[in-house]
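Enquirer: The structure's right below; bear with me while I get my questions together.
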Amino acid sequence: MYIEASSVGVGANARLLSSIFPSATGSCVSFWYHMYGSTVGELNVRVIDALSGSEDYKWRLSGQQTANPNAWLEGRFSVMNGDGMTIMIEASTGISYYGDIAIDDITVLDQICPVFPSTADPSIYETVSCDFEMSLCGWKQMTDDDYDWTRYAGTTSSASTGPTSDHTTGTGYYIYFEASSGVLGSTARVKSLMIPATPAGACLQFWIHMYGTTMGALNLYLYNTFDGTTTLVWSQSGTLRNTWIYQQVDLVSSQNYELIFESVRGSDFLSDIALDDILFDSSSLCPTQKQCTFEQDTCGWRQDTTDDGLDWIRGTGASYPTVPTDKSTSTSNGKTDAALP
């Protein structure tokens with residue numbers, strides 16, 4: 001979604017309202033925004049209390065935010081919403097038409113924005129949770145595969161596949177499967193040390209990078225150490241957008257277990273697969289995700305027509321080249337929400 005800045009005056013506003021989110025002990029609101037142009041105005045996000053109607057500014061930026069015309073940036077904030085809430089996203093125009101603003105991929109998690117799981121068992125944290133800055137932590141290379149995962153920093157050796165930096169800091173380490181060697185279906189596996197049973201449920205959160213025209217697959221298995229059975233609990237195949245992407249998986253097991261990440265090579269070298277920032281929380285299942293990519297519709301977000309001067313537009317880069325690609329698919333045909341002056 002975006003605002004078109006070429007047809008209205010300075011300071012025109014476009015507001016987008018969510019449906020009411022029920023009360024929660026804490027929520028994490030995240031989204032991606034595009035603010036490139038010499039006269040970009042302001043983008044702000046407010047939370048409206050469902051009972052009192054009071055508005056609270058939670059996030060705001062003004063002006064051009066990047067030198068890269070194609071760059072999407074992430075915004076996020078935590079909020080306590082004991083009474084329930086509505087989220088308002090407002091964009092305003094600058095002094096000329098070089099000021100389109102776009103948003104995409106809005107997600108609301110039923111927890112505060114995570115850094116590390118504060119309630120996780122410290123020994124399990126050391127075993128499973130890992131940002132790969134110093135080592136592989138408790139993860140071990142397996143021997144019944146074809147290749148090893150590589151701990152690496154910076155851009156991978158092959159163009160048009162693999163990340164250019166890690167997810168944690170942008171200058172640190174991640175692990176990845178280098179697809180320059182091998183054949184279709186070659187595998188590399190790492191496994192965790194044993195995790196005590198989690199019959200009430202646990203949550204594994206991690207970030208993946210899977211970009212390349214001949215991308216293979218990344219699988220996550222749960223290996224039951226009691227009976228020796230292996231269960232596929234998560235899988236992703238095919239190319240995604242050229243960025244780090246968040247994933248989460250519920251883990252329920254009445255027996256002790258190990259986790260196995262398996263990368264599977266595609267048909268040629270354009271299939272590097274990377275993994276970073278694994279977080280394990282043994283205290284509960286994963287938070288519910290409320291997400292909108294704007295690919296099919298606006299997911300219940302609606303225009304606020306009370307006193308703003310323009311509307312958000314659900315469009316594509318093919319139709320509005322000032323926002324060349326959306327964030328969800330990184331193509332000119334993917335949908336975005338932008339405010340055009």
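Cβ coordinates are placed from backbone N, Cα and C, and glycine is handled just like the others.
Curation does not apply to TrEMBL; its annotations are automatic.
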Enquirer: Which residue range, 150-181, 278-309, 310-341, is the one TrEMBL calls region 'Disordered'?
Expert: 310-341
Enquirer: For the domain 'MAM' (1-115), give the DSSP counts of helix residues, strand residues and coil residues.
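Expert: Breakdown, helix to coil: 0 helix, 63 strand, 52 coil.
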